[in-house]
Amino acid sequence: MGQRLSGGRSCLDVAGRLILQPPPPPPPVRRKLALLFAMLCVWLYMFLYSCAGSCAAAPGLLLLGSGSRASHPSPVLATAPDGTPPRLQFRVPPATPLAAGKEMAEGAASPEERSPAAPDSPSPISSFFSGSGSKQLPQAIIIGVKKGGTRALLEFLRVHPDVRAVGAEPHFFDRSYDKGLAWYRDLMPRTLEGQITMEKTPSYFVTREAPARISAMSKHTKLIVVVRDPVTRAISDYTQTLSKRPDIPTFESLTFKNRTTGLIDTSWSAIQIGIYAKHLEHWLRHFPIRQMLFVSGERLISDPAGELGRVQDFLGLKRIITDKHFYFNKTKGFPCLKKAEGSSRPHCLGKTKGRTHPDIDREVVRRLREFYRPFNLKFYQMTGHDFGWD
């Protein structure tokens, strides 16, 4: 005779002995629910881990309800790491309308040129791993030049799995040096062993203090300079400013101190930046030429895979970025990525890149080419590379 025991188990009475029977197996629905619950727990753990890593990688993010950044008090000025006291900069009122136009032309900074308040947001894929690794000072920096193709180079490099770069321009060695290396390091993304930390700030190349400051951080820092025909670069620089301030003087009036004599105004930053040989001299006092790579902005458009190959070799990386990563966008006139970092969709640079240049008087262009020619030739000799601008 069968008897039921506590707990739902049953037994048989066989010859005076009780034989326990195993409980019936759980129904299939219960097993499926248990499996689903386990999977949900794993997914929840991964999600929380990813969020924790993203928050750790972006210490500057504000909590909801904490108000805007502008409402917080400005940091107290501290002594710079090299011992020099901080200085407040004052602008001298321009004496003439033309000088005012020059100041306006030089004051229009693009969003990526402004100092970042917080690190760049990681991609959905990289954010899962952002809790791992550590933040390092950059081993390689794209130091210039403005309107040379630095944004394109950085975007292309970020496709490489062993390159991690902050998106916004930190401007540490020219504008924020007084904040210290700890602040600078905190801007960097987390990296794993074998990965390279990078940043790009094109204004470093023309900043007199930048070479010594970067050398003080690390004498082994690798430096990348994207250069472009200085005449085309100056026109592109002016075009960017014109898009923000349509009331600035013409390119021709800003170019010359005296149009009659043809004297070029080298105090205008759009002209000054293109005197590459002059700026390079300051860098060679602190870094050997072998520690610097000069990338052609023109070839970065016509042969992006070829230039990226040189960059990957210079950084000691495996050549992963090749022709298969690019396609040419005829509308923009630029190469674009078939797949951007952390995405499966094609990616082109924003609408601020590839603007149509205004028509410039041919005589002005000719005079500019004559002005830059001796500086270009000296730059070719210093770098051992003929960029073909003449």
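Note: Cβ is positioned from N, Cα and C throughout, glycine not excepted.
Just so you know, TrEMBL annotations never went through curation; they're auto-generated.
What you see is a predicted model, and the numbers here were worked out from it, not measured in a lab.
Here TrEMBL flags 33-64 as transmembrane segment.
According to TrEMBL, the feature region 'Disordered' maps to 101-133.
Look at TrEMBL and you will find 106-133 tagged as compositional bias 'Low complexity'.
Here TrEMBL flags 138-373 as domain 'Sulfotransferase'.
The Cβ of LYS147 (3'-phosphoadenylyl sulfate binding site) has PRO202, ARG228, ARG233, SER236, ASP237, GLN240 as same-chain neighbours under 8 Å, each 6 or more residues away in sequence. Sequence annotations record features per position, and here TrEMBL assigns 3'-phosphoadenylyl sulfate binding site to LYS147, GLY148, GLY149, THR150, ARG151, ARG228, SER236, LYS353, GLY354, ARG355, THR356, HIS357.
The active site, for sulfotransferase activity feature in TrEMBL is assigned to LYS147.
Counting every protein chain shown, the number of other Cβ atoms lying within 10 Å of the Cβ of CYS336 (disulfide bond) is 20. Residues or ranges marked as disulfide bond by TrEMBL: CYS336-CYS348.
Neighbour density around each Cβ, counted as other Cβ atoms within 10 Å, peaks among the binding-site residues SER236, THR356 at SER236.
For the pair formed by THR356 (3'-phosphoadenylyl sulfate binding site) and CYS348 (disulfide bond), distance between Cα atoms is given as 16 Å, rounded to the nearest Å. Counting in whole angstrom, GLY149 (3'-phosphoadenylyl sulfate binding site) lies 13 from CYS336 (disulfide bond) by their C-alpha atoms. Taking only the Cα positions, the spacing between ARG151 (3'-phosphoadenylyl sulfate binding site) and CYS348 (disulfide bond) is 11 angstrom.
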